[in-house]
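According to TrEMBL:
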- 1-16: compositional bias 'Low complexity' (COMPBIAS)
- 1-109: region 'Disordered' (REGION)
- 24-45: compositional bias 'Low complexity' (COMPBIAS)
- 160-175: compositional bias 'Basic and acidic residues' (COMPBIAS)
- 160-196: region 'Disordered' (REGION)
- 176-185: compositional bias 'Acidic residues' (COMPBIAS)
- 293-342: domain 'KA1' (DOMAIN)
Amino acid sequence: MAAAAASPVAPELVAALREDEGGSPTSSSVPASPVPSHTTGSGSSRSKRLSGMFKRLAGGPDEGGRARSQTMMPVAEGSPVVANGSSPPSAGAMMPGARLSGGRDRSNRLSWAPGALAAATGGGDSKKKVLKELVKSSGGLGKNATPEEYKAYMRAKYEEQMRTEQELREAKEFDLDSFDPETSDEPPPHPGSLRKHMTVESYKLFMKKKYLYEQWESAQLRKGNKERVEQLRAERAAVDESQGQLARTIKGIFTHQTTSVRDPEDVFDSVGQALRQLPELSFKKKSGLVWRCKDKSKGVSFEIEVVRVEHLGVTGIKFARMGGDVWTYKELTQDVLRSVVL
């Protein structure tokens, strides 16, 4: 009885051996270790039963005798389901590919062998390959993306590519490169709004249209065509409801010198007119309602952004120094504020 307790044999296998010898499960004539299937007679029923028992406990067929050479150990209870929805073996069942350190019970630290995981996924290598190809082709959808999500993503990218090609053809027909917003009486093509799956070409075209459209509006306002500009703005708002949300909404500290009750677009145009009155500054428009400015002689660079002040409900002017002397930067910003009509 002591020999049976000392051997690392599963209770199910011990019971099978005892019953095969014709004894009861409590018989003391059980050997101390299981008899491998290759040491018994090939034609005996005992050999067939033991071979089948080892195959069932190993979770599969004997792979060329490798299962016999591997160390057998119990598998922890509560392990995940293996394959086809079947439950894992109970505590004490044998699994190949594991190692037993010491004589203590460490079943709560055990995990499934690699062979069982491959069986659970229907082939580990094939599943990894499928997931890798899906992530690579989906452009960042992730390994948990469903086939429906992947299909919708690819369709959206295809539609965006077709739309980009159409916009490029229209811009070429309009001759957008030679458009002069100061002398033209007709507006350039409407820029539209930003989209989720925009390509690099479509984004560049969007920013170019947006810049030309704003320059054309400013030129019309200087010529006194305010009614026409307001009409076009109403039409533009009907086409693109997000046109009035170009300015960011932020929280911050603003004074009466940096706030206005006018629309952000009008304040942005006023800032541009003030910058034209300062010959020592070079400036250009960035994405959104942002002017990038730089002093020609002293090398001071800064940005002027027109924003919406959330807690005040007004339009604000936000300055940000990018480089150069701090005191020169303060003097330049004060010159800009004195020239802006708020």
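Start at 1 and count along the chain as shown; that gives each residue its number.
Glycine is treated like the rest: Cβ placed from N, Cα and C.
Please treat TrEMBL annotations as automatic predictions, because they have not gone through curation.
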Can you give me the average pLDDT across the domain 'KA1' (293-342), rounded to a whole number?
88
Pull the DSSP breakdown for the domain 'KA1' (293-342) and write it out as helix, strand, coil residue counts.
14 helix, 22 strand, 14 coil
DSSP on the region 'Disordered' (160-196): how many residues come out helix, how many strand, how many coil?
18 helix, 0 strand, 19 coil
